[in-house]
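Worksheet: the structure to be examined is printed underneath.
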Ligand SMILES: NC(=O)c1ccc[n+]([C@@H]2O[C@H](COP(=O)([O-])OP(=O)(O)OC[C@H]3O[C@@H](n4cnc5c(N)ncnc54)[C@H](O)[C@@H]3O)[C@@H](O)[C@H]2O)c1
Ligand SMILES: O=C(O)C(=O)C[C@@H](O)[C@H](O)[C@H](O)COP(=O)(O)O
Ligand SMILES: [Zn+2]
């Protein structure tokens with residue numbers, strides 16, 4: 001089992017990465033935590049496959065487990081489900097020493113973390129991510145939130161988990177479209193921080209999609225390490241952490257405009273990364289190879305790269321982006337593979353110019 005430490009003073013924690021971890025999680029957690037009341041939150045797809053093994057692993061270590069599963073999907077990451085989960089915290093008599101465990105993709109992770117952060121002003125929680133996206137990104141770093149009809153992740157806070165357990169075996173049941181959506185966030189890490197990771201993806205995509213152990217460990221551990229490094233330097237996104245938002249400004253706008261129903265998060269981010277790169281090329285800070293290399297991986301993965309959405313709807317939604325300061329948009333833009341800058345030089349006129357052209361017509 002590989003361990004990556006996230007160093008955040010009193011809020012530090014470990015990310016454990018390996019195979020066959022699910023059945024052992026209860027035992028590992030019990031080494032540091034007295035048995036207690038526990039709410040295990042998951043979704044219906046994941047409950048069917050992994051609910052019992054995780055619940056049993058905690059029960060065998062004397063945790064008093066209540067399992068609650070929500071329907072799957074991004075639309076479930078809402079304040080109504082947060083209220084439902086608080087009701088369950090009360091019904092199961094959770095107190096400040098109790099434990100919340102998030103077993104699932106990013107939707108379960110973000111929502112469960114939000115409950116843990118806010119119930120009784122904060123109780124401990126653990127992330128057990130089962131999608132690639134959650135393993136490389138959402139389970140780490142403590143951004144927890146629910147969506148609002150006006151914008152993605154608009155109601156939330158920063159609240160770190162006590163530990164993250166990544167069992168790469170869970171990817172064997174992950175539908176391929178979900179795998180591809182997760183790969184989009186790995187492409188993001190390559191573009192913002194790691195040209196070598198990007199090149200690895202260019203040459204090893206077949207091994208990744210075939211879930212070969214070495215390739216999976218490489219992309220998951222490298223992504224976790226990059227995220228840990230960035231979060232350690234800027235936990236609350238004062239500055240540097242905004243680079244993790246590459247592709248998300250337009251990506252989140254696409255998700256909001258389509259009411260969180262039409263695109264997986266990773267799919268919207270992929271389109272957002274291509275548009276951000278087009279903007280960088282328009283500004284003269286990146287050359288076309290930066291676009292072509294990303295496009296080539298995305299085409300290879302079968303990612304759809306057109307939206308058919310109206311530019312004005314996307315631009316309107318952009319202004320609720322959390323990086324906007326005093327009404328000025330701030331974009332994360334690549335200068336080359338492995339390096340990005342944060343720019344406030346992008347105006348509406350340029351956005352219309354870029355968004356009005358189909359991505360492939362450039
Ligand atoms: N907090 C953060 O830093 C952060 C980072 C990135 C993304 N996110 C959030 O994460 C969410 C997207 O996460 P996601 O892509 O995991 O989506 P998701 O949670 O909706 O999971 C995708 C689908 O895969 C299924 N699934 C998950 N693991 C499975 C498995 N092992 N086997 C079979 N089915 C499985 C789920 O049931 C669901 O249907 C978005 O809400 C996004 O905003 C948060
Ligand atoms: O952890 C971060 O910081 C990120 O930006 C990671 C993103 O992949 C993730 O989608 C995040 O939830 C977006 O954050 P937001 O603050 O723009 O909602
Ligand atoms: Zn994301």
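Cβ from N, Cα, C; glycine included.
The C-beta environment of residue 106 (NAD(+) binding site), restricted to residues of the same chain at least 6 apart in sequence and closer than 8 Å, consists of 129, 131, 133, 134, 137, 138, 139, 265. The NAD(+) binding site annotation in TrEMBL covers 106, 107, 108, 109, 110, 130, 131, 143, 152.
The Zn(2+) binding site annotation in TrEMBL covers 185, 248, 265. Using a 10 Å radius centred on the Cβ of residue 265 (Zn(2+) binding site) and all shown protein chains, the other Cβ atoms total 28. In the three-state DSSP scheme, residue 265 (Zn(2+) binding site) is classed as helix.
Computed over the domain '3-dehydroquinate synthase N-terminal' (69-180), the whole-number mean pLDDT of the model equals 98. Per TrEMBL, the feature domain '3-dehydroquinate synthase N-terminal' maps to 69-180.
Among the features that TrEMBL reports, domain '3-dehydroquinate synthase C-terminal' is placed at 182-324.
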- Three-class DSSP secondary structure - residue 152 (NAD(+) binding site): strand
- Task: Could you state the whole-number distance in Å separating the C-alpha atoms of residue 152 (NAD(+) binding site) and residue 248 (Zn(2+) binding site)?
- Result: 10
- Note on the structure: Fewest neighbouring Cβ atoms within 10 Å among the binding-site residues 110, 185 goes to 110
